Amino acid sequence: MALYSCCWILLAFSTWCTSAYGPDQRAQKKGDIILGGLFPIHFGVAVKDQDLKSRPESVECIRYNFRGFRWLQAMIFAIEEINSSPALLPNMTLGYRIFDTCNTVSKALEATLSFVAQNKIDSLNLDEFCNCSEHIPSTIAVVGATGSGISTAVANLLGLFYIPQVSYASSSRLLSNKNQFKSFLRTIPNDEHQATAMADIIEYFRWNWVGTIAADDDYGRPGIEKFREEAEERDICIDFSELISQYSDEEKIQQVVEVIQNSTAKVIVVFSSGPDLEPLIKEIVRRNITGRIWLASEAWASSSLIAMPEYFHVVGGTIGFGLKAGQIPGFREFLQKVHPRKSVHNGFAKEFWEETFNCHLQEGAKGPLPVDTFLRGHEEGGARLSNSPTAFRPLCTGEENISSVETPYMDYTHLRISYNVYLAVYSIAHALQDIYTCIPGRGLFTNGSCADIKKVEAWQVLKHLRHLNFTSNMGEQVTFDECGDLAGNYSIINWHLSPEDGSIVFKEVGYYNVYAKKGERLFINDEKILWSGFSREVPFSNCSRDCLAGTRKGIIEGEPTCCFECVECPDGEYSDETDASACDKCPDDFWSNENHTSCIAKEIEFLSWTEPFGIALTLFAVLGIFLTAFVLGVFIKFRNTPIVKATNRELSYLLLFSLLCCFSSSLFFIGEPQDWTCRLRQPAFGISFVLCISCILVKTNRVLLVFEAKIPTSFHRKWWGLNLQFLLVFLCTFMQIVICAIWLNTAPPSSYRNHELEDEIIFITCHEGSLMALGFLIGYTCLLAAICFFFAFKSRKLPENFNEAKFITFSMLIFFIVWISFIPAYASTYGKFVSAVEVIAILAASFGLLACIFFNKVYIILFKPSRNTIEEVRCSTAAHAFKVAARATLRRSNVSRQRSSSLGGSTGSTPSSSISSKSNSEDPFPQQQPKRQKQPQPLALSPHNAQQPQPRPPSTPQPQPQSQQPPRCKQKVIFGSGTVTFSLSFDEPQKTAVAHRNSTHQTSLEAQKNNDALTKHQALLPLQCGETDSELTSQETGLQGPVGEDHQLEMEDPEEMSPALVVSNSRSFVISGGGSTVTENMLRS
């Protein structure tokens, strides 16, 4: 009894659910296996005020949907095709139960409850107890629904009973969640790919400022949220984002329209269905808001509600996504066969006919056939059509031609959703076929068991659907992934206005391959696109104008990232594309061009051989080498002349060789620096200069020691010979070699490409490795130069031909000036000028040394040969000896006078302070009558005229002073064939000064030829005072002797010999000889 009651309860519930749909709102046919279907035959329902004062009535569906009816027809066509096919489910018949969802969740749930209730009744096996005459088989799978929001509600209910649901148009990514929607599958791609494709299109057209509108349901919200994520990754900014629905009130619609009208974004992304978007489009059309580009999701990209000719000035040029079109052979003919009298199992045919031909079908002979008893239910609970607008239409004849009317129903050129429906039915049929052909032991269930096709249950079909794999009629592989999604691609369509009938047509302008590599997924044929206003030019939808190549986008504070200012790339960076977000840095050896659009190779700069500056320095260096070689050649050719001998020939040769090295070392600083030139140039320069200065130092110090030595002994001759001189030069140079060796071993210099000095130039320079080592190298050179300068300055009063002191002093001054100036110049320059400064310093110092030390001698050798003689050298030496002796005499005379003054002084005459070079024509001592009166010799008497003394005119007698005057003294000195006479005059009585002549070292005295016979060379004689007219010969002195070449004169100890010069009462005197005149002022200096 309990089971019987339960049977009637469930049967009543099923009957109520079925009766909610009138006979004209169902399509149903018997079969061995029943498939359910949910299709939007209407776009919505009429809103009624449910005050609950009477029994609530089922809502009335309004606004017929021709596309929805075509989708329904696709399901029926697929079932009939399968039933007639011997390959699929032979000996079995598929039936169907199809309901109208009216594009609402409530109507969809009514139909779903009917499926669930009928399945529950069937699962109880109540037929034997209930004796039900009208048994309705279970619905083992449901095809539908359309909208994602509707499918979400249906899937939640069907999933409780594991009834498979295969949707043909619900693309929301939320439905991929298998934890929530266990039995949901679909033959349409996931919206996640569609959102990515939308972002790719916006990026393709270089838009970055868009608005978004989404349906306020499970389709629009997830879709637009995914789009925001993709847009953010591509730096696409969203100006506004609004939610709408077909039930939005007027105020909400007005507010959204105001936002669209005031926005500067011209591209609007819409994730919505046609019914949800329609109210908004109508208001935009009313306000005539044009110039917008609509980016349509698949749900409304081909919606007949929006694609209306009267809306084209607003929605024309829309870019939308369409599912890949499929081919259904025979479907066109099937659509044309629809007729209310022939389609006995399709309760929707009557309304379709009336809506197509705008007429009204009467019941009876002329009307449609009575519905099948299987569809008959409680009419009072069904939808009442008495209030339908069709009641006021003209009567239909039933002879109307469906092919003569243009409706979306007959638009089968691009079968997208219809093909998805077709594919969904075939998917279920192939799952049933797998069950039908299952071999025990290989099945999908426990122990490889198989389901019974005659008693198959919904959950068993779901299991086989998840493992489905078959080939469609188009040759494509059909299989569902773990999320129940079917792989698929999108076609990109563009809304055009047909020139033939003025309708909106959808032209395919590209495609989007979901599974291609990133960057290769999107293809668009720009030439086929027609934009809003029939324009072919891509619209501008950016917050800011494009930043051209050479600039980058700069963020404006407080504005979205898409609102930016164009900032020029800094030097050294470039951008070669429009709207670059950042400038790329040029490689190290490159620099940005003037427009910063690309990088060009940096200019390589170094002190080149071919540039004017390098050529000039090279010419000066070559000139220095040539001059040095010329001087060396002159010295070698005239090596036996007195001047060359007097300058120490061997050291001079070595000095000239070092100068050649100095000039040559400057060439290592010119040309592109290489590692080997960098390692060689500083040591070559340092060692060459140290060798040069060492030669000058040893040479100058040797002459100084010889002339200042009181007794030149064999010790001097031994230790100041050539061996010691070269040893000292080597030791001084060896120290520099050690410094260079340590430098090259610890931190060797190397070539270096300097990018930091100037942006557009690479300076190839030498990195010195260690500035400290360079400092030691130059410092040691300067130390030797300072010592050399000290000795040169100390020997500045030596005989002119030995002395090179004046010129050495000048050369050292030049050397110090050059290198002192070099330090700040070196520190303040960079690049190739560093090498140039050092080359200039090397050349200047080298030329200074060469000119000061050698040019004067070369000039005498070549142009003044008369001065390059033994006599000239000896006279110069004699002048130096006289000068030293006279200075000593004057100094001692002053000391004696100071002592006499301290004892009371004398009554002599005032000393004369004038010294002149004149002949003594008056005898200053009249009281003494000389035996012979002679005229004094001229003060500057050359060796030649010294042999032929001029006769002296008689002196004029002068009155004798009362006091006794000292005698006048005249001394003669013989040098070989020359005679030098000097005179001393005394005017201070009773004063005696004694001076000893310093020992001298006469070298390089050549024998003079006299009648082809060698004359003996005689040394300097000691000076003695005698009578006025006395003449001392060399024989009387006993000190004469030959002096050979490079032979040193041995002198007695001055303390044991007679005074060299005795001057009595000395105050005023003149010493002349050898072309020189020594005065009192000179002796006092």
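Just so it is clear, glycine is given a Cβ too, placed from its N, Cα and C backbone atoms.
Since the structure is predicted, the reported quantities are computational estimates derived from the model, not experimental observations.
Summary of the site annotation: Swiss-Prot records Ca(2+) binding at Ile82, Ser85, Leu88, Leu89, Thr101, Ser171, Pro189, Asp191, Glu232, Asp235, Glu298, Tyr490, Gly558. Screening the candidates Thr139, Thr146, Thr264, Thr578 against this entry identifies Thr146 as the one listed for that site. Record check of Asn489, Asn998 in Swiss-Prot: the feature N-linked glycosylation site is attached to Asn489. Within the list Asn83, Asn469, the entry that Swiss-Prot describes as N-linked glycosylation site is Asn469. Here the CA atom of Ser418 (phosphate binding site) lies 18 Å from the CA atom of Cys102 (disulfide bond). The secondary structure of Ser241 (spermine binding site), as reduced to three states from DSSP, is extended strand. There are 17 other Cβ atoms within 10 Å of the Cβ belonging to Cys359 (disulfide bond).
Counting Cβ pairs under 8 Å that are 6 or more residues apart, the transmembrane segment (612-637) and the transmembrane segment (834-855) reach 3 or more and are in contact. Between the two most distant C-alpha atoms of the annotated phosphate binders (Arg67, Gly68, Phe69, Arg70, Trp71, Arg416, Ile417, Ser418) there are 14 Å. Beyond the transmembrane segment (650-669), the same-chain residues lying 6 or more positions past its ends with a Cβ under 8 Å from any Cβ of the stretch are 607, 617-618, 621, 624-625, 628-629, 631-632, 635-636, 644, 677, 680-681, 684-685, 687-689, 691-692, 695-696, 698-699, 722, 725-726, 729, 835-836, 838-839, 842-843, 845-846, 849-850, 853-854. Nearest to Tyr490 (Ca(2+) binding site) in space, judged by Cα atoms and limited to the recorded positions Arg70, Cys237, Asp239, Cys450, Cys586, is Arg70.
Take the mean position of the Cβ atoms of Arg67, Gly68, Phe69, Arg70, Trp71, Arg416, Ile417, Ser418, the recorded phosphate site; other residues of that chain with a Cβ within 8 Å of it are Phe39, Leu72, Gln73, Ala74, Val421. A C-beta separation below 8 Å, combined with a sequence spacing of at least six in one chain, links Cys543 (disulfide bond) to Asn208, Trp209, Cys237, Asp239, Thr264, Glu559, Pro560, Cys562, Cys563, Phe564. Sequence-distant contacts of the transmembrane segment (724-746), counting only residues of its own chain at least 6 positions beyond either end whose CB sits under 8 Å from a CB of the stretch, comprise 648, 650-651, 654, 679, 682-683, 686-687, 690-691, 693-695, 697-699, 702, 769-770, 773-774, 776-777, 780-781, 784.
Neighbours of Leu88 (Ca(2+) binding site), defined as other CB atoms within 10 A of its CB across all chains, total 17.
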